[in-house]
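Encoded as C-alpha cells, the structure appears first; notes follow it.
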Amino acid sequence: MINPIAFQIGPFAIRWYAICILSGLILAVYLARKEAPRKKIKPDDIIDFILIAFPLAIVGARLYYVAFEWSYYSKQPFIEIFITWHGGLAIYGGLITGALVLYFFSRSKFINTLDFLDIAAPGVMIAQSIGRWGNFINQEAYGAAVKSLNYLPDFIRQQMYIDGAYRQPTFLYESTWNLLGFILILFLRRKPKFLKQGDITAFYLIWYGCGRMIIEGMRTDSLYFMGLRVSQWLSALLIILGVVLVIYQHRKKDTPYYYTSLETEKKNA
C-alpha cells in the first residue's frame, strides 16, 4: 500500500493528496494564463482570481461534504470538521464555490463571465484528472468489490485491495474521462469558425456531467440526500445547463465566436 504521506518537513506531514491538488492547480493556472490574452484578459487577473478562489473552493468543498454527512459529524468533536486530511472534500462543493467567486470576480474586473469560464474550463478538467490520483492514494472514491483487477498495473491493484477485496477503481475511470475531455477541448479550440463564446464551458458541463453521472453510480461512498445520490442529480443539472447554453448562444445572432477578439487584433495589426 502506498503511504499517503509523501514526506515530512519537521512536524508537518506533506500528503500526496495535497501534492495532487496543487499540481493540478499549477497546471490549470498555467493553461489559463496562456489562453487569457486571446480573450483580452490580463494573465495577472488569473493569479488574482486563484488567490481568492482556491482557498474558498477548499472551504466550499469541505462544507458541502460535512453538510451531507452531518449525521456523522454531528456526533464527532467539533474540531473534526476542520480535519480535512481524514478525508472529505467534495468536488461539487469546490466547483460551486469557485463558479460563484468567478462570477463576482469577473464582474468586478469588467470581464465577460463566459470568456473567463471558457479559459478556465480546460484547466479545471485536467486538474480534476490529476486530483483523482489523490483519492487513489487515500484509498477513497472507489467502487464495489470485484473478483480481480488483472487488467491493471500492480501498483493500482494493490492500492485497490481494500477491506479484503479488490474494488472498482472509479477514481481511474473519472481521471481518464476528464483527461479525454481535456484533449477534446484542445481539439475544439482549433475550430475557430465553429466555436462560439461559451461553447468550451458548455462542453465541460456536458462532458463532466455525463461522466460523473455514470461513474457516481458505481461508487460506494456517495453522498445521499433523501435517499438519492446528490452528485448524480447535480450531474444531470450540469448536462441540462450545458445543452441550454449551447442552444442559447448559437441562436443568438450577436454571439461572438471564441476567437473573434484575436482575429480582430490580427486584422487591425
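Cβ atoms are placed via backbone N, Cα and C, with glycine included.
The transmembrane segment annotation in Swiss-Prot covers 9-29, 46-66, 81-101, 110-130, 168-188, 198-218, 227-247.
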Below 8 Å between Cβ atoms, which of the listed ranges 46-66, 81-101, 110-130, 168-188, 227-247 makes the most pairs with the transmembrane segment (198-218)?
227-247
Using a threshold of three or more Cβ pairs below 8 Å, and leaving out pairs closer than 6 in sequence, do the transmembrane segment (227-247) and the transmembrane segment (168-188) count as in contact?
no
Please report, as numbers and ranges, the same-chain residues at least 6 past the borders of the transmembrane segment (46-66) whose CB is under 8 Å from any CB of it.
25, 29, 32-33, 36, 73, 81-82, 84, 88-98, 101-102, 105, 116, 119, 223
Mind checking which residues of the chain, 6+ beyond the ends of the transmembrane segment (110-130), have their Cβ under 8 Å from one of its Cβ atoms?
20-21, 23-25, 27-32, 35-36, 38-41, 45-46, 49, 91, 95, 98-99, 102-103, 174-176, 178-179, 181-182, 185-186, 189, 197-201, 203-204, 207-208, 249, 258
Which bits of the chain, at least 6 residues beyond where the transmembrane segment (81-101) starts or stops, bring a Cβ under 8 A of a Cβ in it?
13, 15, 17, 49, 52-53, 56-66, 68-69, 73, 117, 124, 128, 131, 138, 140, 223, 230-231, 234
Sequence-remote partners of the transmembrane segment (227-247) [C-beta within less than 8 Å, at least six residues beyond its ends]:
68, 90, 92, 198-199, 201-206, 208-210, 212-213, 216-217
